[in-house]
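S.K.: Sharing a structure, written as structure tokens. Questions coming.
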Amino acid sequence: MNTQEIIEMDSKYVMQTYGRHKIALVKGKDTTVWDADGNSYIDCVAGIAVNNVGHSNPKVGEAICNQVKKLIHTSNLYYTEEQVTLAKLLVDVSPHQKAFFCNSGAEANEGAIKLARKHSGKGEIITMINSFHGRTITTITATGQPKYQKGFEPLTPGFKYAPYGDIEAVKEMISPSTAAVLVEPVQGESGVIVPPEGYLKQLKEVCEDSNVLLIFDEVQTGFGRTGEMFASQTFGVTPDITSLAKAIAGGFPMGAVLANNDVAESFVPGDHAATFGGNPLGCAAAKASINFILEEKLLDKSKENGSYFVEKLLKLQNQHELINEVRGKGLMVGVEMKTDCGCMVDELFKEGIIVNCAAGNVLRFVPPLTITKEQIDTVTAALNNVLSRY
Ligand SMILES: *Cc1c(COP(=O)(O)O)cnc(C)c1O
């Protein structure tokens, strides 16, 4: 099928919940993707920070193929070696001690919120203005942006919103019924917002002093995106609970909640479950993906090439009035424009670059961690071309 035929069929048969760009992707290899009309692109979206180990990673593919032949699915009523070995691997690379498996980021946050409420016996959760935590009723409630909530009321009770980066606001908001503070270590959907220096450390102290749990939503920042395996390590702050998804399994759908033993023990049999959670196929994919990150030293590459990317973008900022700010951590990079950046995205498609526009005016670059300096040069040259035409 060509692009036009695919688009027509989508409008007829698929619920129109997405404002899609008019390209249909058919194939990916590492940092490159191809569309249905044969054009290729350097992919700086990577399925929104999912394909950290590159498209169609051969190691992940091999692990999936091998597992498919053995056991695709079984119930959590039984044990599997794949699930326990993935849990151990996650514990080894994270600051946590136990894992629960689910299927998406929203579900991971749901699990984290349930765990915090069960453990504390309290109901209130403080989240941040302009945060993003998912699309279920409870996670749109946790998301501090009315545009995601409108039309879907009644929302889940018990949520309060503090301005991101404002430690005093959180202090004032904490009450005797506060169970947890839920925060993205770097805000993704609202335009790659890096918190002020020391903010996450202060948040940890405030939470500890008030006996409130700290939950990091690392759905987007996890698995090398910010230069360490988790942003908690990048910032040197250990939360009580971490929610994960996106890049966890190299593109295979999966989510997880990580916690320390004392918190994790509050979940007892019957408290929480997911039919597909931690299924052997997903676990095999996740292990292969995490091992690839470790073996190929993608954490070093994320740090090094992230800095290289930002350097090049800062040079562009000197040449182009339109760029307001360049910011990021590792290979999670945002370029804030002085105008709307929706049409820049379309112009960059024509230059063979896939990028997306977050929060209306921020070009967000979250490429596979395997991106090379040469590819970064190509991306920044294309952006230079586009900005020169403005
Ligand atoms: C993408 C994202 C989610 C939602 O994940 P889904 O898998 O789409 O449910 C939650 N939190 C953050 C920070 C995200 O970036």
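Every residue number used here counts from 1 along the chain in the order it is shown.
Glycine is no exception: its Cβ is also placed from the backbone N, Cα and C atoms.
According to TrEMBL, the protein carries these features:
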BINDING   GLY105, ALA106, PHE132, ASP217, GLU218, VAL219, GLN220, THR275  pyridoxal 5'-phosphate binding site
BINDING   ARG135  N(2)-acetyl-L-ornithine binding site
MOD_RES   LYS246  N6-(pyridoxal phosphate)lysine
S.K.: Would you pick out, from the binding-site residues ALA106, VAL219, the residue whose Cβ has the largest number of other Cβ atoms within 10 Å?
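M.R.: Answer returned by the neighbour count: VAL219.
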S.K.: So which one is it: of the recorded positions ASP217, GLU218, GLN220, LYS246, THR275, which has the fewest other Cβ atoms within 10 Å?
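M.R.: It is THR275 that, of the recorded positions ASP217, GLU218, GLN220, LYS246, THR275, has the fewest other Cβ atoms within 10 Å.
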S.K.: Out of ALA106, GLU218, THR275, which binding-site residues lie by ligand 1, with a C-beta less than 6 Å from some atom of it?
M.R.: ALA106
S.K.: Taking the Cβ of PHE132 (pyridoxal 5'-phosphate binding site) as the centre, count every other Cβ atom within 10 Å, in any protein chain shown.
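M.R.: The answer is 26 other Cβ atoms.
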S.K.: Specify the secondary structure state of ALA106 (pyridoxal 5'-phosphate binding site) as given by DSSP, simplified to three classes.
M.R.: helix
S.K.: Give me the largest Cα to Cα distance among GLY105, ALA106, PHE132, ASP217, GLU218, VAL219, GLN220, THR275, the residues the record lists as binding pyridoxal 5'-phosphate, in Å as a whole number.
M.R.: 25
S.K.: Looking only at C-alpha atoms, tell me how far the residue listed as 'N(2)-acetyl-L-ornithine binding site' is from ALA106 (pyridoxal 5'-phosphate binding site), rounded to the nearest Å.
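M.R.: Spelling it out, the Cα of the residue listed as 'N(2)-acetyl-L-ornithine binding site' and the Cα of ALA106 (pyridoxal 5'-phosphate binding site) are 6 Å apart.
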S.K.: How far is it from GLU218 (pyridoxal 5'-phosphate binding site) to LYS246 (N6-(pyridoxal phosphate)lysine), counting Cα to Cα, in Å?
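M.R.: Cα-Cα, rounded: 9 Å.
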S.K.: Just checking, which of GLY105, ARG135 (binding-site residues) has the fewest C-beta atoms within 10 Å of its C-beta?
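M.R.: So among GLY105, ARG135, the binding-site residues given, the one with the fewest Cβ atoms within 10 Å is ARG135.
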S.K.: THR275 (pyridoxal 5'-phosphate binding site) to the residue listed as 'N6-(pyridoxal phosphate)lysine': how many Å between their Cα atoms?
M.R.: 19
S.K.: Where ALA106 (pyridoxal 5'-phosphate binding site) and the residue listed as 'N6-(pyridoxal phosphate)lysine' are concerned, what is their Cα separation in Å, rounded?
M.R.: 10
S.K.: Could you state the CA-to-CA distance between LYS246 (N6-(pyridoxal phosphate)lysine) and VAL219 (pyridoxal 5'-phosphate binding site) to the nearest Å?
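M.R.: So the Cα of VAL219 (pyridoxal 5'-phosphate binding site) lies 6 Å away from that of LYS246 (N6-(pyridoxal phosphate)lysine).
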